[in-house]
């Protein structure tokens, strides 16, 4: 009895234990029948029958599936488990079933003990955790930011592809690295400091900008946001960092910083307004110049600076232009805060937004007050210089007139007297007067030329010219001088020289006359050599050439240290005897400047006592293809025989009238004299002369006014009027043409120039000179020629030099006799 009672009590205690368990317990017999269920199992499955299994879809126990854990345990005596889903009502519950064998004393399986746990909630939590992890992983991998997970030792253990792409590493490479490995050295201390604060719970997260080092060594900027994760003990377990690439932003910020500094420190005035003109920004330069602070002008319009010096129309044009989106540039005179006026050079541009709409205007200005003052000073200085130049020009004109007028008489009458005086001593005195007069005339011409060049009033007038003819004529011009000094004159001209080039023949001849004249002056024996050739133009233009002209001599030479200074005005070679050689020191200065004006250069090579070589290179001279005009034969001076005619000479100086009368009466011309323009008008109407020689500067009525009235009067307008001017200024030459003169001559006038000009308007005959065909025996002996006829020969020589220098002759007088023997001795 006690034993059974004890067994029952033990069973009751066991049942109580089983019923108090939170898991279900079932005892399954070898016949697969439920032997016992504890309270939890009965609560879960209250409607079970003895032959039904609670977890197998309400199937009878005998119909359980072959892989049933309990069946397996009964068969092999081992532990088996399974997860079983069971539909209960309108939901599915999840159970974990573990089957373990119940053994007897002999070790035989007598039952299977099923332990069932409701894991529905746990699986749901696990499922949600898994889904959460999957979502996190998806976000982590696909995030537009770099994502990095690091340990508390700063070791990287997870990165996303975005971060790999940012740095150029693979995931496998980054996982082996630490944060310090990819951080720019200067930024590592700050990065460690921020992580340390999270580890010590000072801060659960941080944000900072730092630089990362890419795999290729380049730097990028990243904006880092990092958070720390803790376990249940509040111990940090890992950090999650999100990195945004802000390299472009940093670069833009740097550019903006530089721009801001440039604007703030700009030496230019900068003003930004809205589209209505209200000021939104001014830089410090604005404050410095105007005296207004930024707070005093922001919100106001620029009209506070208006000086009233610009018109309403001026500002209307300005606004119309900038409102159309165009830039306006100009100069404005504004007013400072203290009332002082100042000048600005201004540029106003429009600023547009992304939609191309005007949003602002920006003004960039420079204070040009000092420049304006300088311009005003320059303007006044220029006016003063112009006044000085006018005074200089007037002085030169007056000097030219006052000196040329008496020279006209000195040279003219001395030429006239040379045919009348036979006494050798007196003739030598007269020769000195002639030489001095011509030297003075050369000096005046040189000074005037230099003055014109310096004032920029001497123009180069290029016309088609025959360079070969110009050079060969020089041989004839200097033939007498060469013969007198018993020198050899050599001319070498390249046969390929173009027949016509665009040259200023007058100025080129002036240059060569000076160089050859100097060469003859400074050469006592040997030769003068004139050569010319061409070479290809530097522009490689087939229609242009470089013309090279060389004048060489065997004269006294020039020391090397003086070869530069000889081209300066009023400079002569040191040691040169002025008394012996004469000269003003202007010739080479004028020559150099004329050559440069003709787009050329002149150079010299020389050794003392061995001669000099002057080389002229005229660059890019245009080859002229048209035929050259035939030269006016009247220019080639020859003896004239005029038909009887009246010439009216108008000059307020009697000696000038007398000289011209003496000259003209020798050539069958009658002279009528008038001392001013008023008498000229009367005599012109009364006598109707064939030609009028008109002085310019005269009392009562000058030559300009008289000529103007002559040309307006029908009875006198056809009479040719030739101006006799003592001025060599270009301005007066232009004025002469404007007043209707038919021609002009410069004082002092030579008889050859006068006759040449008269021959253009008066009927005449030219006496052709005879060539030297007779032998020496056929020529008269000079001692047999009467003195008065010999004087006449000398006069003709002075008048017509070209006619009395036949080729091969070295004795001019002998040549004169040959040229005019029939005229004089028949």
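Each residue, glycine too, has its Cβ placed from N, Cα and C.
Per TrEMBL, the feature domain 'PAS' maps to 132-202 (among others).
The domain 'PAC' annotation in TrEMBL covers 206-258 (among others).
In the predicted structure, the domain 'PAS' (255-300) carries a mean pLDDT of 90. Feature annotation from TrEMBL assigns domain 'PAS' to 255-300 (among others).
TrEMBL lists 328-380 (among others) with the feature domain 'PAC'.
Positions annotated as coiled coil by TrEMBL: 351-398.
Taken from TrEMBL, the feature domain 'Histidine kinase' applies to 398-622.
Positions annotated as domain 'Response regulatory' by TrEMBL: 646-762.
The secondary structure of residue 695 (4-aspartylphosphate), as reduced to three states from DSSP, is extended strand. Residues or ranges marked as 4-aspartylphosphate in TrEMBL: 695.
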How many of the residues that make up the domain 'PAS' (255-300) does DSSP mark as helix, as strand and as coil?
22 helix, 10 strand, 14 coil
Annotated stretches the domain 'Histidine kinase' (398-622) and the domain 'Response regulatory' (646-762) touching (3 or more Cβ pairs under 8 Å):
yes
Pull the DSSP breakdown for the domain 'Response regulatory' (646-762) and write it out as helix, strand, coil residue counts.
50 helix, 25 strand, 42 coil
Validating a neighbour-count step here. Other CB atoms within 10 A of the CB of residue 695 (4-aspartylphosphate): how many?
27
